Amino acid sequence: MSHPDYRMNLRPLGTPRGVSAVAGPHDIGASPGDKKSKNRSTRGKKKSIFETYMSKEDVSEGLKRGTLIQGVLRINPKKFHEAFIPSPDGDRDIFIDGVVARNRALNGDLVVVKLLPEEHWKVVKPESNDKETEAAYESDIPEELCGHHLPQQSLKSYNDSPDVIVEAQFDGSDSEDGHGITQNVLVDGVKKLSVCVSEKGREDGDAPVTKDETTCISQDTRALSEKSLQRSAKVVYILEKKHSRAATGFLKLLADKNSELFRKYALFSPSDHRVPRIYVPLKDCPQDFVARPKDYANTLFICRIVDWKEDCNFALGQLAKSLGQAGEIEPETEGILTEYGVDFSDFSSEVLECLPQGLPWTIPPEEFSKRRDLRKDCIFTIDPSTARDLDDALSCKPLADGNFKVGVHIADVSYFVPEGSDLDKVAAERATSVYLVQKVVPMLPRLLCEELCSLNPMSDKLTFSVIWTLTPEGKILDEWFGRTIIRSCTKLSYEHAQSMIESPTEKIPAKELPPISPEHSSEEVHQAVLNLHGIAKQLRQQRFVDGALRLDQLKLAFTLDHETGLPQGCHIYEYRESNKLVEEFMLLANMAVAHKIHRAFPEQALLRRHPPPQTRMLSDLVEFCDQMGLPVDFSSAGALNKSLTQTFGDDKYSLARKEVLTNMCSRPMQMALYFCSGLLQDPAQFRHYALNVPLYTHFTSPIRRFADVLVHRLLAAALGYRERLDMAPDTLQKQADHCNDRRMASKRVQELSTSLFFAVLVKESGPLESEAMVMGILKQAFDVLVLRYGVQKRIYCNALALRSHHFQKVGKKPELTLVWEPEDMEQEPAQQVITIFSLVEVVLQAESTALKYSAILKRPGTQGHLGPEKEEEESDGEPEDSSTS
């Protein structure tokens, strides 16, 4: 599905309604000030800059014959002239060099490419790092791999759902740091890991980078090893424009005031350098922009690309909206949402009419005859203390034989979302709720999210349940699926559940607990939590024995000022036993439902698969670990997990090194994907790599994920509650693809929201000090993981008070020797050696440019207290959807 045009009704600035700003002048293909354009011959058509796209028929035939290749385009955020698509065989990505070869495709588009002749392939020098490939990857690691959620101030996150925890991803592109690195040099073949990168000075800032690390082939290709060549291609067709064609950025006047273009157009410069510069009609711009352009130098605008012709070097756009001042949270947030195609408009009256109208709503009497009545059972929710959309509840009843009746009860959202209704259509299009640090953009109207569907305590609710008979060791003796009615007896927070786990024999004072319904006691709830915890520990242990993988990464939680909304502080979120308890049972329910719907509908089940790591990147990581002397086994997910959990000690240095290696291990990981079982022939492709299970799906978060709503419908059909789902396998696959796209966009938006708030925090509360560990060494800089805040930064030697610095290799390991200028004449210059995994102390400080901050290495001998102690208050978020899962 392509992006909806729900925001196109934003009125272009200065343009009356009904006046189109799409049509452009005949000379718009000329660069500003291009004098030749004024004297262009009129005898023929203007020369094209871009190739004409191939016909659909030729593309289809070429894909069938294998002469063309399709893939999702990734543009390097650090070097916008470099782009890639994945190689179908998992080998090195296919390289697309330059804007012309990209042929007007934008980041994220599904494109078709044609390989260039071999003499035009990219030559990767033996010392080349290939880090550009890595940098082009963006947010495609599944949440199932990570147990840490991305906590919010007061919201239960889409990625915080307890069944998604394992999937949290890592963005290896260091997107905050846009400095042009002109040369990447590998130390003895260690690729993609920033071990050693030769860079030309930072003085050029964002100046265009050179490409001296690679060249086109100018010699007999037979003399080159296969490893030194990277296949290169050009885009010949765009199968699907997945990029929103919207961007935030700044308005500028064209350079040549005497040109014809100057009198008609302004230049829009996107903040994201992967988006081309755009000509904008002056009639779209503020009326006084030409006379007072400096007044708008710091104003953020939204612009939409409306056309990009073959003979135009820049796209033509329409200015949609003025957002406000750059660097302020709300304008920046709206820009992020718009760029990633998030529909944040109010729900239409047609959608709202689909909701129950007579409020307060009560369960119709006939539902009691169709469902199992569990209202007398001790059922409760465990969520962040401020969560409002409670879509999962748990129960645990001891049996006389020593076993337990354990239930996972999920809000029956599908009851309130009629298939084919306007509500269903908008939910399918949005596909996911989008969670920002300060707010949520819901998939469904709040009446459903927070009231009718939310499993609020002491209120009758419609649910879909999975109930097992389990031994204390977690062995499944019996399993039941069905529609139910529950009445949650209390709303526990993770803190409440954690205190119960930590005090198994002590009674928790009533004043420290939330209200509990009179039918149940705090002791009963406490014992149920302890029983669930005991079983969850056994389930978890067995999962890892069976070969599951977990890559826990540092995640930030913010404390916000209630009046201003600005961040007051932040801390690394601690993922505790109460989080793990919920995660295990959500995983168990998702796996159980996956098997149930696949047995019932082997050709129509909506499942979730996780492909194994990318072969090329994984082999590079293996090589890196070997050279660094790290005994890490990458032969399987379970082997890797065992290496990460058993290789490192518990001292500060070992824990920091584990964090760095976890980041590196995340990079080769691929995205977990929804898919229709009938369209994959090989059942081996159904597998979930991180969980190491044959079948998996998402069932436990229907309030915030449309995929779960579809799975609920499939489960209902499998149980005979309704007719079979009226969706052909290819239609279901299209919806699955759309859910994948929107899920990725949502995760990227969440990351950018976190980055935005952290940048504001550095500006408002900085400088911030922290210990950091070196991840990679370059000739004139090095990369660090800032341990207190979980961010990665590059530290440049020429930004430090150094007398000199020297790069060298010791064996196969790179190192930088820094010679510091003495602070007074009587001191000798201090020498500091930087190696991979060095622990250093850094200062994060704001730069003059909005939302930019840099990392500065502290001078040796000045290390002291590293800033404020970690805040003790727990995150308001929930684990990252163990649904990886």
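Just so it is clear, glycine is given a Cβ too, placed from its N, Cα and C backbone atoms.
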Per Swiss-Prot, the candidate from LYS191, LYS252, LYS763 carrying the annotation N6-acetyllysine: LYS252
From SER37, SER875, the one Swiss-Prot labels phosphoserine: SER875
Feature phosphoserine, as given in Swiss-Prot - residue among SER31, SER87: SER31
From the candidates SER154, SER173, SER521, SER746, the one which Swiss-Prot records as phosphoserine: SER173
Assigned element (helix, strand, coil) containing LYS252 (N6-acetyllysine), judged by DSSP: strand
Whole-number Å value for how far LYS252 (N6-acetyllysine) lies from ASP392 (Mg(2+) binding site) (Cα to Cα): 51
Residue, out of the recorded positions LYS252, ASP383, ASP392, whose Cβ gathers the largest set of other Cβ atoms within 10 Å: ASP383
Three-class DSSP secondary structure - ASP391 (site 'Important for catalytic activity'): coil
